[in-house]
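The active site annotation in TrEMBL covers D739, E748. Residues annotated as domain 'CBM2' in TrEMBL: 773-882. Taken from TrEMBL, the feature region 'Disordered' covers 681-714. Under the heading signal peptide, TrEMBL lists 1-37.
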Amino acid sequence: MRHLPHTPPPARRRSRLVGTAVMGALIAGLVAAPSGAAEPPDARAAEGPEQIVNGDFSAGTAPWWWTANSPAAVTDGELCADIPAGTSDPWDAIIGQDGVDLLAGEGYELSFTAHASVPVAIRTSVQMAVEPYTSEHLSTDRITTEPQTFTHTFTAKADNDAAQLGFQAGGHDRAYTLCLDDVSLTGGTEAPPHQPDTGSPVRVNQVGYLTEGPKGGTFVTEATQPLPWTLNAPDGSPAATGTTKVFGQDPTSRQHVHTFDFSRVTRTGEGYTVTIAGKTSEPFAIGDDLYARLRTDALAYFYHNRSGIEIDAGLVGEKYARPAGHLGKAPNQGDGDVPCQPGVCDYRLDVRGGWYDAGDHGKYVVNGGISVAQVMATYERTLTAGNADGAPLGDGRLRVPERGNGTPDILDEAAWQLDFLMKMQVPAGKTLAGMVHHKIHDAEWTGLPLLPHQDPMKRELHPPSTAATLNLAATGAQCARLFRPYDAAFADRCLTAATTAWRAALAHPAVYARADDNVGGGAYEDADVTDEFYWAAAELFVTTGQDDYRRHLLDSPLHGDAGTVFPRGGVWWGGTAGLGALSLATVDNGLTDAQLAQVRAMVTTGADRYAEDARTAAYGVPYAPEDNHYVWGSNSGVLNNMVVLGVAHDLTGNTKYRDALLGGLDYLLGRNPLNQSYVTGYGERDSRNQHHRHWAHQLDPSLPNPAPGSVAGGPNADIQDPVAQDKLKGCAPAMCYIDDIGSWATNEITINWNAPLAWVASFVDDLGGSGTTDPDPAACRVGYASDRWNGGFTSRVTVTNTGTEAISPWKLTWAFADDQRVTDHWGSRITQTGREVTAHPASWNGTIPPGGSVAFGFNGTSGGGAADPTAFALNGAPCTGG
Ligand code: 9MR
């Protein structure tokens, strides 16, 4: 339940590096000459700073690389590579690391421990990684079957901040295994500490502040006296002035800071800035309608990351379209008929569908469960909270292919994942029937970039766990009550799966996922499921009202324990009781008034703590983990605390909860020690190189950056990945973040972080009073009119560009509500798949100028009704229809 010390992170191979490294090393091998006489040892070298990253392989394999013929993996804490037989030269099989820093004239000590399955001689080199591949050190080392430590010293002849260490292990007749450990190269000078570019010291929410909301900022300065601040209006004139408050030293960033507050300003506009001591902030807006797009973007994240379905350009634009992943089409091995890990089960399951977890292609029930629960909770809030508006989440409003099917789009998105979760249940008649497999993922880690449909790796089911089983019990129960009005059969299926899972969990209450089951996918290990039992009992009780669930709740040690249910660091995948408490506190259920009051008191007690944390934080953030230890996914801790604050506000109307929630939003969008907006596409300085296999623009410019509305994991003091270890050593906790695709421990994106973002964006959008406006006044308007006759119809459509920029090319998509079929068309090329229709430009009308329109029409047949569609998307973005 607590955030335990993190397990070593997954080893990830960087397949691109394998390729380039092979070439460089091949040539290097040809030109590298033995170093001749040993260089004089330099006593200082051994004490110098370490130049090798992850030399003990405690962080997995990265940034080590190997030639493709010598697959390597971490086994028992060592890196072991299978070297093939029959290569001709030592450099035909290499294990290496790039980016080694050498300084001319400095002494270095290279040491490592090695053993092999047979005695062999290998060559160890430190050399240039590019032509002319000059070597600084080259030795022949005789490796035996017993581990031995080798130590060499040398003095660098030239400066090189990107040298290469290579163990050249080829040229042998027999295949063998070579294992390395404790690789170290010390000497030279300490790499200068990474200086993040934090831009202006005046920190604000780079998107904007709600008109009636709090408006706070932070100023980084050594000054010990208050300083005057000026709020500059969009036209540059001063809109308000005041003085800062000296906060002092911020323990999360080790910065000395002041705070400032301009809440009293309620004049709306875009392009405000704040200036203090000659320094000016990033621009921001004041307004009511600032977060409609964030709500839909945060939810689009789930469609983008669907498995087993083509991602349609008509919904997301060409840039983000991609073929379906993991349906069994080569090179995919597919999720349609997946075996277990060896020895785990004797059946295979069809587990197509669901959402990819994150930057990897794994699909995990633990984590996938809380994510879909929070997506459903985003919808459920619109049924229970006074000011919440369901319209922006309704049918035809989000980027999902099921638009127009009569079910709210947000539920369509949830159904995609719920269906997958149910497929993970152990079938009747099998051992552990009713339990749920913890996860399914690649047998080994794949490299970046890699689109889902190109993943060649074998997929495996991992053992069932009690935690996964309870994730299905909880989400299946929530599904049953929310889908009842729209799809009773699906609701029934969910409830059966949930109750079966609950009974199976009671029968097997302590089956835990293993922490070391982290090859090819994350472990999501959890050896305390008291919280999952509480969450599942709560959801089942809310849905069914049955007394056994009530008894389970009331008997749980967690009932009434606000501190554990709502920890300072936030509800998370390993601590889920809070999700149950929030449902009990907000959704009508059969608890007595006294019992309900107790649950609501847990929520407000938790929220009081978060509000106090926000009030006393230098950056106004409602997140204060123990010892300021920001953990992996800290931004989701912030977001989950914001959800609790939002519920407390819904329950009480107390504005202190709202204000603390908005403080969290400010933090995530730029009012933070790094001046970073952690949400792609929002703010001037947004994260855009998050760790993700197909949004990998940083590695391959032909691929896109993450889609707008993707929230990065955020500062993580444990810096478990090599990029963070290389760049962030010694960082203050709230600054242990880097927007680099290689930093999966600080900069990954995942469904369980975007789910609370969607909840929060929805809450804030409702707060701004913009709930009923279209999420994207996507600069277009569609006119659609039809004439009907028996069996057929003619429709005429105009698309008007209401914006200030030309739209070119354009593509209009919609879904028919019934069986209409387009037969012929004019002014546009129209294609139809099932109910989905796409209109493409004719040869002469590919551009819609600002203020201009294009018109087209078509005839069609229809068996019964021929209802005109009302929801349209122009190039993937919702467009006003009518
Ligand atoms: O979010 C998870 C975090 O709490 C754990 O500390 C970390 C290491 O086990 O794993 C995180 O989850 C990752 C998962 O293991 C694999 N997919 C990507 C997830 C986000 O980084």
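Placed from the backbone N, Cα and C atoms, the Cβ positions cover glycine too.
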Under 8 Å by Cβ from D739 (active site), same chain, sequence gap 6 or more: Q676, S687, R688, N689, Q690, A712, N747
Long-range Cβ environment of E748 (active site), under 8 Å and at least 6 residues apart: A358, G359, G633, Q690, H691, H692, A712, G713
Contact set, same chain, for the region 'Disordered' (681-714): CB under 8 Å, 6 or more residues outside the stretch: 16, 199, 205-207, 282-283, 293-294, 296-301, 304, 316, 319-320, 322, 358-361, 446, 448-452, 630, 632-636, 638-639, 668-670, 675, 737, 739-750, 753-754, 757, 761
Confidence summary for the domain 'CBM2' (773-882), mean pLDDT rounded: 85
Three-state composition of the region 'Disordered' (681-714), taking helix and strand from DSSP: 0 helix, 3 strand, 31 coil
